């Protein structure tokens, strides 16, 4: 090898999934999920995107699908790294709200102006809908060379919407206007393919239900712990069938989310270290460079060789809707040892599709490419089923198994202290204020001039945290 820098809760159908749903806006009277199959293009390295027509007359743009943020935003001025942008002045239906909005990601940010306009989706719901849209006027490390999308479609909850949760999200607008069920599902078909390839890998965003042709077997559901990100509860991880034996709260520090806008599987630092040690211990490679695990080096093999047989399977256990049971989603090395670069005629280079995180476990595209993922907002749950397109060389690269007992884990693996909850925020500020008053009284009594002052940091603000930008190959 060469190194180079660099359940019991199973069901087949959901509301609206079997026989369709009558829609006033649909002349056929049904919600046609098949029309949405393969409406996405892209790859895990640069994201999956949907074509959308915005304004009157319509302007066509590719929009990144991101379940880890909540704003719908498009490039609103020319940018060196985008091939198209939305010009509000050319749309007779655009209405500016005159409100500035800034969204910060774990790396990268943009600032724009909120407005409304009509959108249609050539491979989505029939009809046009009036949507809140932010036109991006300035950005930093958001649009990068090689991306083929011109905006972002945030599909998380309004709690993450900027500048406030009063901004109705794209999907909430569709549910209200089109009267579709409050559920969408996502399939990304880049398993085993170059993560920054032609960008023409298929995928499907099904709005309003579940398309049976996009999965095999049963759908297993895990509850959404809180409606901001799609926060779930991880019970344990296994590498090569061996439990990491960590306290289950480590897997949820300080949250575990399902985020299509994050490229890799991101793990809290302690969990990441344990996973790397377990993979290195069980792999068939000795003295493997640390640079590969940290993402600073690629591993290269002869193109006739397939390195995946050298690495173990990785399993994530999620709590079932029946809290006394769990199920596991497993990915084979074809998903986390990712082809990224060809050198000369003989070498294929790969990257490690897992990285460390300081504040979350993120089930990103590395894992999601193995599954058909259902975001059932109506019943507050996320579902996973095996995706037919999750194959490499004709063999499946993902598995779902269960149910398993949860007798060996804590009854609650999610920290009870959640400072993004409004009530706890109020309580925390009240306590800080009381502390400040007491300290001020003491200072006055002691005749000491300096005053107690709280300096706010970025940790005091909940920001959208898609890491797509951070992990894109460039």
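Note that Cβ sites are derived from N, Cα and C of the backbone, with glycine treated the same way.
Just so you know, TrEMBL annotations never went through curation; they're auto-generated.
Here TrEMBL flags 66 (among others) as active site.
What TrEMBL records for 259 (among others) is active site.
The disulfide bond annotation in TrEMBL covers 189-389 (among others). Its Cβ taken as reference, residue 389 (disulfide bond) is surrounded by 19 other Cβ atoms within 10 Å in the chains shown.
The local packing around residue 413 (disulfide bond), expressed as other Cβ atoms within 10 Å of its Cβ over all shown chains, amounts to 22. The annotation disulfide bond is assigned in TrEMBL to 248-413 (among others).
As annotated by TrEMBL, disulfide bond applies to 300-349 (among others).
The domain 'Peptidase A1' annotation in TrEMBL covers 48-385.
Taken from TrEMBL, the feature N-linked glycosylation site covers 322.
Residues annotated as transmembrane segment in TrEMBL: 423-448.
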Go through the recorded positions 248, 259, 322, 389, 413 and tell me which ones have a CA within 10 A of the CA of residue 66 (active site).
259
